[in-house]
Amino acid sequence: MAAVSKRGRGRKALNAVTENDVNISAGNTEISEKDTIAAILSPSKAKNAKSKKKVEASTETSAPAFVDELEKLQAQLQQLQIEKSKTEEMLKEKDEILKKKDEEQEKLQAELKKLQRVKEFKPTVSFPLVKSLVEKEQEGKDKKKKNNKSTLKKPCPAYALWLKDQWTEIKQENPEVDFKEISNSLAAKWKGISAEEKKPYEDKYQEEKEAYLQVVGKEKREIEAMKLLEEDQMQKTAMELLEQYLKYKQEADDLCKKKSRKEKDPLKPKQPMSAFFIFSNERRATLLAENKNVVEVAKITGEEWKAMSEKKKAPYEEIARKQKEEYKQQMEIYNQKKLEETAALEKEEEEQKKLLKQEALQLLKKKEKTENIIKKTKENRQKKKQKEESDPNKPKKPASSFILFSKETRKQLQEERPDTANSTINALITVKWKELSEEEKQKWNTKAAEGMAEYKKEMEEYNKSKPSTSN
């Protein structure tokens, strides 16, 4: 049995090889002869080699998918970068807008502060009383119109007065009669009445009319007078208001022109507290701990200080005296420093002035020097010129082409236009010279060149003869 088992074990090792052989036949892996020998000798190594090859096969199959995923990720990354750049630009724009808004707010606050410094315009003008009276009267009239209780009635005509009398008589005789029924007959009756009978009614109407017109005329005159007075007072108030506004504006401008209040010097020593303030500061902490408000604390400390005896006040007064002495000493030091600073500033200013003066003097010297040089050069030139002019043997410089042309044309123009001024003739000469062609100008250029050649020869002879004459 033992022998059989041993054989079985040997078969198992061969079975591993046969499996490999099966894989080779299937075409899954290609194993060389060396690999088969290695598989027979060590089955574990053969298994590892198989697993490695499987991994390689799986990587080969998954490689294109991985490339696609990588490309997708790169595209997403590029998109994210674009979005990031856009968001950064948007944030920058927002920051700029916010900065602009902050600047505008600061400007507005500065203007608001300026306006707050300037006092408000509060006119002291009392508006005319006439206007208020007229308004009240108009209100009263409007109320009366609404209530239909007008005190002044228009006068009734003569026919209406007669009609009233007739209607009262008819009403007494026949109370049930209707006015519409008899109105036509009364109108016809009025037409048939004589002038004598109508006269009392017409006289009454005229009297009432005159009285009414007098009242109405008086009211109209009063209204016109009140309007004139109102206009006059309004003009006066307007002038007064204008004067006040101009005065206010001037004050406001002066206030704006004034320098803003100087800031307190942080180095300046603080003023010492009085004995009462030292005591109140000592008591404040305990009173505030008792939930007393500021007003109550001030009241209590004031009452306590008044009630205190001189003996109790003495230590606080001693502290206040010492603080005062310290303050005086500190102020002396501070004032001394200020004096030193002002003296140093004045010294700097003096030195600056000296430097400026020195620079100014140096500039002046340079200017004088240049002026002297210019003066000397001018003098030398004049002397030289005088010497040259004094020598009659020295040849004269020849005329240029333009001067030769101008001499000839001037003669022609003066003959043609004897009354024309020199300035116009000069202008005409320059115009004609510009209008000349190059060939025409060449004639004058050759003449000028010939003159210059002769001048050079004469100058050479003159220069040669000059030293011999001087000897």
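Numbering starts at 1 and runs along the chain as displayed.
Including glycine, each Cβ sits where the backbone N, Cα and C put it.
TrEMBL: automatically predicted annotations, no manual curation.
Pulled from TrEMBL, these are the features on record:
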COILED    63-118  coiled coil
DOMAIN    152-220  domain 'HMG box'
DNA_BIND  152-220  DNA-binding region
COILED    231-258  coiled coil
DOMAIN    269-335  domain 'HMG box'
DNA_BIND  269-335  DNA-binding region
REGION    367-421  region 'Disordered'
COMPBIAS  368-394  compositional bias 'Basic and acidic residues'
DOMAIN    395-463  domain 'HMG box'
DNA_BIND  395-463  DNA-binding region
COMPBIAS  407-419  compositional bias 'Basic and acidic residues'
Chain residues outside the compositional bias 'Basic and acidic residues' (368-394) and at least six past its termini with a C-beta under 8 angstroms from it: 462, 465
Contact set, same chain, for the compositional bias 'Basic and acidic residues' (407-419): CB under 8 Å, 6 or more residues outside the stretch: 399, 425, 428-429, 432
Mean of the pLDDT scores, which run from 0 to 100, over the DNA-binding region (395-463): 87
Counts of helix, strand and coil residues, the DNA-binding region (395-463), according to DSSP: 56 helix, 0 strand, 13 coil
Residues of the domain 'HMG box' (152-220) by DSSP state, where helix covers H, G and I: 56 helix, 0 strand, 13 coil
For the domain 'HMG box' (269-335), the number of residues DSSP places in helix, strand and coil: 55 helix, 0 strand, 12 coil
